[in-house]
Each structure stands twice: as structure tokens, then as C-alpha cells.
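Not my notes, these are from Swiss-Prot:
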DOMAIN    280-338  domain 'LIM zinc-binding 1'
DOMAIN    339-398  domain 'LIM zinc-binding 2'
DOMAIN    399-457  domain 'LIM zinc-binding 3'
MOD_RES   Ser78  phosphoserine
MOD_RES   Arg103  asymmetric dimethylarginine
MOD_RES   Ser111  phosphoserine
MOD_RES   Ser247  phosphoserine
REGION    81-132  region 'Disordered'
REGION    186-226  region 'Disordered'
Amino acid sequence: MDSFKVVLEGPAPWGFRLQGGKDFNVPLSISRLTPGGKAAQAGVAVGDWVLSIDGENAGSLTHIEAQNKIRACGERLSLGLSRAQPAQSKPQKALTPPADPPRYTFAPSASLNKTARPFGAPPPTDSALSQNGQLLRQLVPDASKQRLMENTEDWRPRPGTGQSRSFRILAHLTGTEFMQDPDEEFMKKSSQVPRTEAPAPASTIPQESWPGPTTPSPTSRPPWAVDPAFAERYAPDKTSTVLTRHSQPATPTPLQNRTSIVQAAAGGGTGGGSNNGKTPVCHQCHKIIRGRYLVALGHAYHPEEFVCSQCGKVLEEGGFFEEKGAIFCPSCYDVRYAPSCAKCKKKITGEIMHALKMTWHVPCFTCAACKTPIRNRAFYMEEGAPYCERDYEKMFGTKCRGCDFKIDAGDRFLEALGFSWHDTCFVCAICQINLEGKTFYSKKDKPLCKSHAFSHV
């Protein structure tokens, strides 16, 4: 152990961090250094033990006491440190250069470039597979040998055109194991590389064009390529399968088309409503409309059958009213359903006014003073007659004697000395105390309290 002393010139920061202490039962030591800091420049290293701080033994200091001691040093910090001697380095074994590095060849081989083989050909086997197969034949009983081989058959690598065991079982069940897709046959032919031969004279051998793909007929294609519902019928969860043949219905004749259109129009038109591009059907007689027609209340009508329910008048022009599902002309509706005016007792057919739980013609409900129709404006009732707001304030409005402002409806007021007062305006003319409900005196039409009854106003 090498002990040495380090003096750092202030001010802080000092560029190191402590760890350990008496409270941790671990000697104080340097845990971290700031790169380029004062401690790093003075040669302090991570892991140095702190023996003393500013001349005081650090072995009896806790972690917090050591930090406080360092903070109290001010402009000069003296540390006694101890550093473990580095262990003697062991002689290193001389490194010998490795032998020639292994060389890898990327030439094509039989294991990497396999040629295509026809369906059903056995997969290629190597020595390792043959040894494993012999070992399995020795260990596995004959009863389970076949099942093991069948279960592991799909694990062996096979070319992209090979068929899995489950697919061959499905083909055997459906009777299509000997059928072959013409598209696959054409792909086989196209994948064959033509042999290169010496060019012959053009006159001796005629040049043949490359045959294009022939369109397969529906009968020569397998059922999984022709029938889109093949996979659904032979799903694993089906207990039995039934093959059925469906024939496409013949194209309907124009007469059948016309009959279906008529039936659709008759069925859809009886319900009324919108036509949606179909032949309109009269809502009254339930017959197909040929030519002009009317649309009212969401239904189609013959023009001559859209009539008043009471007088039978054709309502093609002039407007109509609908009441409880029945249609009326204006005159019949006025006689039967129109309300009566409370003033003139006549039927109200145009604009109507509702006031005082009665109905009025708008020109009949007017101000009693200016004769102006009140319509939707505010009005006041006085002695059974309506008044507009302006005339009512002019004729019956009340002003406060104290503030000279109008006493609105709903305001609290009182009457005294022959005038009307707001309850807050009836006060003593001298001390302004409120006199509502109290004894007061009057002098020159001004209220006075009992204390100022004889004062000069």
C-alpha cells in the first residue's frame, strides 16, 4: 500500500465523489472522478482509500461527516490517500500465428444444386440419414415403424412441386389422385432446357413456333381448381360429403321480365312512399300509373284521384290540408277544423295569434290605446283590455318620488304622502335612514325621522 498526500486548491467543486464510511462499515474511498477536474489533475484515481481529510483521521468519520468536512475546507483541501500496489504482471505467453486459415469453396455441388424430380420420387438420402434410419429400425418396434415413418414423412425436404402426405390422402378420398393440373404440365414443359444443336440450313428443316399455353377445358381441370367451394365441402370437421350438380337457370324471356317488373312495382307501390325508380302505383286505387301523376305526403296519386275527403274536389291545384290522415280542401278544412277568433268569431284560416288562452286574428288582437297589432311583443292588461308597453307606461306607469325612476312590475314599493316610493327610496331627507314600517314626519312633502322632525329642511 502506498500512502501519499494530495492538496487541492479551491474553490469547489473538487472533481471527485466519495463512497463508504463508518456507518457503512466500509472505508472511505474515491468512487468517481470528473474528467479534467481538480482531483484528476492532481493524480487521484478511482479506488484510492481516504486516510485523512484536512489532517483528521477519516476512519472514524461517517459518510455525511466526511462530506461536511470536505465542504468546510473552503479554499484548500488536504487529503491523505492510500493506493494499492499493482500486482506484478505475469509473463505472457508468446502468441504463435495460426495455421493456414480454412478455405471455403463456393463451387456448385450436388447437395446444393439439386435437379427437379417427378412426383413420387424418393427424397435424396445421405450417409447420416441412412445411419439414423438403421438405428431407428433397430430401436423402434415393427408395429410403430410405419406410423413413425408416416408422421415424419412431411418433415423431409422435398422440392416445391412435391405433394404432402395429407394432400395425397385427400386426393385418394376424392378419387382425383391420378388427375393432373394442365397448368403444372405446361410449367414442366417450359422448365425443360432445350438442347443446343448445330444450326441446320433453313431449307432442310422448317422452323416451328413455340407452342403457347392451351386453355384447359373445365372437364380436364381438377375439382380444387374449378370448384371454389371444394375446400369448404371437404373441410376436416365435416363427417360426410355429398357431391351435387347444379345447373345454371336459363335466361328469362322478355315476357318474364315484364311480368316480374309489374309484380315488383305492384308489390312495392302498394306500400306508398318513394318510388325508388320503380313504376309508380297510385295510393288511392293501387293501380300502376301510366303518364302524369302527383306526389303528396310521400305517396303517388293519379291527378284525378287526389281529391278532398269531404267535398270530392280535385286538389291538383290550390293547396290542401291534412288532418288525421284525411285530405281536405281549404274551404272544407276551415268549416270543419279551423279555430274561431275570440273577437270577431270568424274562422281563422291564415296567421293566428294565441293569447290569454284564446285564438285571435292578428289584426283583431291590438292595443286598446293605439290600435296597433301586438303580435309577439309584450303587453299589459288593464281593466280587461290589452295595452302595448309604451302606452301602458304612459297611461298607467308609476314613478318613484325619491329616485324619479319607473317602478317596474315585481318591484317592491309603498305609497306615502300621496306618492309612490321604492322601498329603498323612502328614507329621511336629512339622515337617510330607511323609514319603511317606522313612524315618520312630513315637511314640504319630504319624509323625516323622529329625531329630525323639527329640523330645517
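The backbone N, Cα and C atoms fix where each Cβ goes, glycine too.
Explain the structural surroundings of these features, please.
Each residue in the domain 'LIM zinc-binding 1' (280-338) has a pLDDT score, and their mean in this model is 85.
Annotation note: Ser78 (phosphoserine) sits in a strand segment as assigned by DSSP. Neighbour density for Ser78 (phosphoserine): within 10 A of its CB lie 14 other CB atoms from the protein chains shown.
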As a quick check of your reading of DSSP, tell me how many residues in the domain 'LIM zinc-binding 1' (280-338) are helical, how many are strand and how many are coil.
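Looking at the domain 'LIM zinc-binding 1' (280-338) with DSSP, the answer is 10 helix, 17 strand, 32 coil.
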